[in-house]
Amino acid sequence: MGKFFASYLLILAPFFLQSCSAPSRTTLEGVRMTIPYRIVFGEALSPDAFQQAQKEIDRVFDHIDQTFNNWNPLSEISRINRTTKQTPIPLSPALFAFLCEIDHFHAFSDGRFDPTLGALKSLWLLHLKSHTIPSQELQHLYKHSSGWHLISLDKTQQTLRKLSPLVQLDLCGTVKGFAVDLLGTACAQFCQNYYVEWGGEIKTKGKHPSGRSWAVASSATPEILHLHDHAIATSGSQYQRWHVDNKTYTHILDPLTGTPLEDSSHPILAVSVINESCAFADAMATALTTFSSKQEALDWANKKHLCAYITDKNVS
């Protein structure tokens with residue numbers, strides 16, 4: 001089983017109010033691809049429905065692992081990344097549809113969400129973990145082998161063509177949110193009130209068993225957020241850092257420069273975005289972490305009519 005690179009995740013937690021007499025509900029919990037998940041149905045499922053629900057959840061996770069997981073060498077996306085040919089590559093319907101969504105995310109984000117930075121990110125991580133910096137020649141080579149414009153999708157043939165042999169796709173910036181969307185669809189077969197969380201990305205439907213909305217906590221705001229038929233995704237810069245030559249680098253690449261954001265000049269700590277689509281919220285939270293200031297990020301979010309919460313180093 002593969003695992004996901006957990007750099008953009010892990011800052012949301014379910015906020016369940018306790019009472020002396022807990023309402024009836026059904027909870028499924030486990031760990032998939034090294035990341036814990038929690039699913040709460042707003043009613044008690046029958047034993048048969050419980051077993052069927054678990055099978056559906058497992059089916060979704062297997063699908064994500066086999067198709068979209070960059071850390072699974074046997075996944076469809078990993079096979080595509082190993083290909084250096086610049087000829088059309090047939091895609092499964094699921095992966096093609098997801099890449100079409102990503103095409104929209106990239107355009108909406110003004111290029112700040114760019115999943116083609118995979119090879120460039122791998123280059124930097126390899127060097128940063130050794131406390132070194134890639135040479136200017138390598139940076140130039142990999143930077144010019146990155147960019148969504150180097151991916152060509154043929155909607156008629158449902159194929160992908162690389163316009164550079166080095167370009168690779170890193171889906172980690174949105175695939176957890178996408179998985180949560182699929183898990184929500186699976187849960188809807190059994191109950192119209194549910195809460196789905198996987199590694200910090202959350203999707204809700206209907207109401208909590210107590211009759212209130214679902215409540216969650218986020219590191220991007222001190223508020224308790226109440227969700228109804230919406231999802232929330234969070235990205236942050238505080239989880240991975242490396243010290244090289246008196247500088248501290250984060251794991252987040254600036255899509256404009258192709259270099260990791262420096263901790264000293266990057267005040268944003270965490271971003272949460274609320275949307276009906278968890279995949280979209282995940283992508284936009286990732287994009288918002290690349291801005292140089294909280295105010296600049298908030299201005300852009302307002303311009304795009306995004307519901308975003310942002311915390312920075314200046315928080316009291």
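From the backbone N, Cα and C atoms, a Cβ is placed for every residue, glycine too.
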Exercise. If Swiss-Prot says D282, T286 bind Mg(2+), which of G173, G184, G199 does it name for the same site?
Worked result: G173
Problem set entry | C-alpha spacing of T286 (Mg(2+) binding site) relative to L253 (FAD binding site), in angstrom | 10
Exercise. In whole Å, how far is K176 (FAD binding site) from D282 (Mg(2+) binding site) when you measure between their Cα atoms?
Worked result: 8
For this session: Within 10 Å of the Cβ of G173 (Mg(2+) binding site), how many other Cβ atoms can you find? Include all protein chains, please.
Result: 27
Problem set entry | Three-state secondary structure, L253 (FAD binding site) (per DSSP) | strand
Exercise. Considering the binding-site residues D114, D170, D282, which residue's Cβ sits among the greatest number of other Cβ atoms within 10 Å?
Worked result: D282
For this session: Starting from each candidate's C-beta and looking 10 angstroms out, tell me which of the binding-site residues M33, L253 has the most other C-beta atoms.
Result: L253
